[in-house]
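Lifted from Swiss-Prot, the feature list:
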{"type": "BINDING", "residues": "10, 11, 12, 13, 14, 15, 16, 17", "note": "ATP binding site"}
């Protein structure tokens, strides 16, 4: 079976870490052992420094990060990760399991921040070309539920401290994009842990069967 790039997406508190564990267990049960794990922003020395700049509320003191500067930092981190980690791993036959990818930018910056979608499309095409995940699992949860979970984890980062309206716009854009792309599968993340686990397993199994058809 050829290598694939699977990405897990969702709002803060959607349960991405739990979902990743389910994905890994499911793939291992199917005999897939060679996996590389990534997160965005991050995953390389350069990308991790950019992550700190864009997410740590103390990284630039009182300076306000312009929304366009923010999106450019996300893309700088992304291209470094894709070119130095993800593509080489896929070429070696390893599966890549990612915590966030470009869909986050389309939802958070395009939906939440309201950045022009044509600008984002131009950036995406310039940086990524036709590179896309083979499968994206979007964990759908209301902002109220997600933020409650996130707050329970401890201190929030710069984006996690955004308004409820911001996250409502972000979620709406996620759902809009998921409805337009067959490679994005929506998982109801408000279910019980058992329900989410079952949904992810069923989704991956069905997707793999589609690939082999």
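Every residue gets a Cβ built from N, Cα and C, even glycine.
Quick caveat, the model's predicted, so the values are computed rather than measured.
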Shell list (ATP; ref centroid = CB of 10, 11, 12, 13, 14, 15, 16, 17; cutoff 8 A): 19, 139, 141, 146, 149, 150, 189
Site of maximum Cβ density within 10 Å, from binding-site residues 10, 11: 11
Cβ neighbour count within 10 Å of residue 15 (ATP binding site): 23
Helix, strand or coil at residue 10 (ATP binding site) [DSSP, three-state]: strand
Cβ contacts of residue 12 (ATP binding site) (under 8 Å, same chain, 6 or more positions away): 146, 147, 149, 150, 156, 159, 160, 167
Cβ neighbour count within 10 Å of residue 17 (ATP binding site): 10
